[in-house]
């Protein structure tokens, strides 16, 4: 009886450790990948909408009180929601997934379908909601813009987001050569792996930067800062689909942990692992959207500020402006360092508690 009691206590301790590990994993996934990414992209969405509405309010939209045209940024968001709802039907009803190898292509296909449908939707609402010719506030002047030019501004941001998402997925998926080369460099030690990985990370930003630069140039040429703001909204218009793809992996991982904790069959765990692997491969697409849209949104917010405040020029050679530039460039590293340190401290305390 004594040894049976010891064995029972030992099993209960193991079960408790497994429960703590699964719960911690589930919390981390939900906080980091779902709530964190969702709040980040929602913030970018709200900022881009506000920037576009501010510029619209001091353009001919606001002067002539053309309410429908002035709400064009919100119409873009509304069309994006409808398109993303429609896109889900392609995975659930139109093209049913029956094999494990079909999961990852289906997730990528969702993003392409939503982008194509969104392009058609924006063309329709640009023709209906906007007048054929209108003026946009451009640093103290009124710039004449046509509705098809604003459609191109939204479209260039939309397709730039798709390119950034797929480039990010190319450089982070084990199905392609970049990650395979990094894995191959591990054979000669950690030093070559770190060097090779850093070099690959630096190289991965080239195409996204050009995509953002082209979208900024085209949208600014057509509709000044209002064009940049709606381009950012275009990039974020299919973000409901992007977030669904990003959250797919954590949800599958959580399901697998719960299945293991509940003592379910090994076959279920294999199925959830396959779903988790596909989700983790495509999860980087959401990160690419978040970073790419942040660049456009920051420029759109700056444009809204200088338009409303009446600032005509910004002299970089002014000491205060240059100081602000270098301090502002330092802030992301400061916040990142504090975040990483807090995560490390929390992980250390969690490990000590489990032990």
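Cβ coordinates are placed from backbone N, Cα and C, and glycine is handled just like the others.
Copied over from TrEMBL, here are the features:
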type: SIGNAL; residues: 1-24; note: signal peptide
type: TRANSMEM; residues: 43-63; note: transmembrane segment
type: TRANSMEM; residues: 70-91; note: transmembrane segment
type: TRANSMEM; residues: 111-130; note: transmembrane segment
type: TRANSMEM; residues: 150-171; note: transmembrane segment
type: TRANSMEM; residues: 205-233; note: transmembrane segment
type: TRANSMEM; residues: 289-311; note: transmembrane segment
type: TRANSMEM; residues: 317-335; note: transmembrane segment
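Between the transmembrane segment (70-91) and the transmembrane segment (317-335), the number of CB pairs under 8 angstroms, six or more residues apart, is fewer than three, so the stretches are not in contact. Residues 68-69, 71-72, 75-76, 79-80, 82-84, 86-87, 90, 147-148, 150-151, 154-155, 158-159, 161-162, 165, 234, 237-238, 241-242, 245, 285 of the same chain lie 6 or more positions beyond the ends of the transmembrane segment (111-130) yet place their CB under 8 Å from a CB of it. In summary, the transmembrane segment (43-63) does not lie against the transmembrane segment (317-335): fewer than three C-beta pairs, each 6 or more positions apart in sequence, are under 8 Å. The transmembrane segment (205-233) and the transmembrane segment (150-171) are in contact, since at least 3 Cβ pairs between them lie under 8 Å (pairs 6 or more apart in sequence).
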